[in-house]
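Sequence annotations record features per position, and here Swiss-Prot assigns region 'Disordered' to 1-46. Annotated topological domain 'Cytoplasmic' per Swiss-Prot: 1-69, 125-140, 199-206, 294-319, 377-394, 571-577 (among others), in sequence order. The topological domain 'Extracellular' annotation in Swiss-Prot covers 91-100, 163-174, 230-276, 340-353, 417-427, 529-547. Look at Swiss-Prot and you will find 70-90, 101-124, 141-162, 175-198, 207-229, 277-293, 320-339, 354-376, 395-416, 428-450, 511-528, 548-570 tagged as transmembrane segment.
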Amino acid sequence: MASQTSAPAEPAPMPSPEAKTTEGASSYDQADMETKHAGSPCPPKQKSWLARHFSLLLRRDRQAQKAGQLFSGLLALNVVFLGGAFICSMIFNKVSVTLGDVWILLAALKVLSLLWLLYYTVGTTRKPHAVLYRDPHAGPIWVRGSLVLFGSCTVCLNIFRMGYDVSHIHCKSEVELIFPAIEIVFMIIQTWVLWRHCKDCVQVQTNFTRCGLMLTLATNLLMWVLAVTNDSMHREIEAELDALMEKFSGNGTNTCMCLNTTVCEVFRKGYLMLYPFSTEYCLICCAVLFVMWKNVSRSLAAHTGAHPNRSPFRLHGTIFGPLLGLLALVAGVCVFVLFQIEASGPDIARQYFTLYYAFYVAVLPTMSLACLAGTAIHGLEERELDTLKNPTRSLDVVLLMGAALGQMGIAYFSIVAIVATQPHELLNQLILAYSLLLILQHITQNLFIIEGLHRRPLWEPAVSGVMEKQDVELPRRGSLRELGQDLRRASRAYIHSFSHLNWKRRMLKEISLFLILCNITLWMMPAFGIHPEFENGLEKDFYGYRTWFTIVNFGLPLGVFYRMHSVGGLVEVYLGA
């Protein structure tokens with residue numbers, strides 16, 4: 001060893017003239033290449049045959065996907081236009097096109113959609129490599145729960161309808177019993193399929209699957225349109241019959257009387273009470289089917305294929321938000337019960353309208369201030385924006401903005417009617433304030449929810465940071481003690497940053513819980529009760545009976561859907577805070 005150390009160092013080999021020439025040439029070539037690169041653009045590097053062939057296949061696959069989406073979208077558009085033409089013809093020309101004709105068309109569409117749903121479950125999903133990925137963001141539990149709840153209510157609605165038709169079987173056609181039976185079977189199977197497969201990203205039979213999804217979506221959309229228009233016609237006919245009965249009381253006989261008055265009253269009240277849920281069920285099915293259509297042939301990364309880690313739903317010490325929300329809920333239930341009791345009589349006293357609108361005027365500005373405070377806290381946070389492509393979140397935003405147009409449209413029509421007639425009366429001033437505050441509350445709440453949905457959850461960066469640190473440092477450090485010390489240091493740093501953001505998290509959770517309870521209250525009142533927008537008579541006298549009925553019956557279901565969808569979005573904001 002000593003001899004090896006004391007030995008003289010070997011002299012470095014001298015480069016040969018050829019090597020010098022080669023080295024000089026290479027340096028000259030390199031300088032020349034740099035000059036060419038700086039002066040003029042280099043010619044593109046030629047790709048290999050495999051890379052060119054692979055990119056060509058990818059391009060053809062994208063073109064095939066776009067063609068399939070275009071064709072299925074056109075199919076749905078034509079079906080909706082055909083059904084819309086039938087429904088409009090039924091409204092404006094009741095002699096040539098009757099309600100029975102529309103039912104026949106919808107029954108044919110339901111049977112076709114039913115056959116596709118069964119084939120999708122039995123055939124498509126059981127093929128090899130059919131469902132390689134499942135979208136973790138699609139079909140959250142509140143959407144599937146609402147699907148089952150509203151689907152069950154709609155099935156009960158059709159049972160009440162069949163019972164009512166059976167009690168009048170002596171003056172009604174027996175064929176009319178077939179349509180509710182088909183709808184019951186269709187809704188049961190559709191709810192079951194959507195519950196099981198709403199997260200699927202199908203990779204086989206993509207074009208056929210897209211067409212089936214669009215056909216089912218168009219069928220649900222036409223069911224919603226018919227439910228809204230048929231409800232308005234039913235209310236109009238009922239109001240006209242009541243007026244005729246008051247005018248000609250005791251004169252004439254009704255040939256279609258129920259044989260058992262008590263049973264018919266149960267069927268009629270059950271049908272009227274459950275009717276709003278059918279419109280909500282159709283809207284939710286359309287949203288779920290659209291997400292499934294967007295997920296056809298979609299490929300997800302390995303880490304997004306599984307269910308992401310989610311923060312559990314805990315109160316985290318929130319006090320004021322739940323208390324204020326429960327206070328609004330109790331007050332809303334009291335106002336709702338008083339108004340419903342008064343509405344069961346022949347006329348509603350003016351003071352109950354004042355109480356109803358005064359409750360809204362008190363709650364809506366509080367919700368708007370809470371939304372503005374939450375949006376400001378989002379701006380103060382250090383969380384990054386989540387810019388990844390997410391079809392479910394994009395659909396949530398579109399549905400949130402679109403559903404808000406329902407009640408906002410009614411509010412704008414009310415503002416015009418009040419300002420143009422008698423804006424100085426107390427009730428009219430309350431309705432005017434209610435309409436303005438409703439528009440403001442929708443805008444601020446949409447801003448708060450959309451801002452929260454596009455923020456990364458607070459727990460996500462810490463978990464991923466610790467995992468990346470483990471992956472990087474594990475091969476480098478051999479001591480488990482040093483690794484434990486690093487993990488403890490990372491935990492202390494996370495706890496320190498958590499304590500600094502704690503007040504923001506708590507404020508966001510307080511605001512989210514308060515808004516959740518308020519939206520539940522504002523969802524319950526129009527969904528289960530009488531609509532003051534029609535009963536107060538102001539807008540009805542200004543726009544006319546048929547026009548205002550159409551506006552209300554198209555706007556209110558969207559408003560109910562907006563409140564329910566807002567609750568789901570606020571739950572996501574609460575969990576991500």
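Using N, Cα and C of the backbone, Cβ positions are placed for all residues, glycine too.
At the 8 Å Cβ threshold, with sequence separation of at least 6, the transmembrane segment (277-293) comes into contact with the transmembrane segment (175-198) through 3 or more pairs. Within the same chain, the transmembrane segment (395-416) stays apart from the transmembrane segment (207-229): fewer than three Cβ pairs sit under 8 Å, each pair at least 6 residues apart.
Counting Cβ pairs closer than 8 Å to the transmembrane segment (101-124), the top stretch among 141-162, 175-198, 320-339 is 175-198. When each of 70-90, 141-162, 207-229, 320-339, 354-376 is scored by its Cβ pairs under 8 Å to the transmembrane segment (428-450), the top-ranked stretch turns out to be 354-376.
Sequence-distant contacts of the topological domain 'Extracellular' (529-547) (same chain, at least 6 residues past either end, Cβ-Cβ under 8 Å): 236, 239, 336, 339-340, 343, 348, 353, 356-357, 410, 413-414, 417-418, 420-421, 427-428, 431, 556. Between the transmembrane segment (207-229) and the transmembrane segment (141-162) there are fewer than 3 Cβ pairs closer than 8 Å, counting only pairs 6 or more residues apart in sequence, which means the two stretches are not in contact.
Mean predicted confidence for the topological domain 'Extracellular' (163-174): the pLDDT average there is 74. Here the topological domain 'Cytoplasmic' (199-206) is broken down by DSSP into helix, strand and coil counts: 1 helix, 3 strand, 4 coil. Same-chain residues lying 6+ beyond the ends of the topological domain 'Extracellular' (91-100) with a Cβ under 8 Å from its Cβ atoms: 175-176, 229-230, 233. Helix first, then strand, then coil: DSSP counts for the topological domain 'Cytoplasmic' (571-577) stand at 6 helix, 0 strand, 1 coil. Panel annotation: around the transmembrane segment (141-162), residues 177, 180-181, 183-184, 187-188, 190-191, 194-195, 198, 267, 270-271, 274-275, 277-278, 280-281, 284-285, 287-288, 564, 567-568, 571 of the same chain, lying at least six beyond its termini, place a Cβ under 8 Å from a Cβ of the stretch. For the topological domain 'Extracellular' (417-427), the DSSP-based tally of helix, strand and coil residues reads 6 helix, 0 strand, 5 coil.
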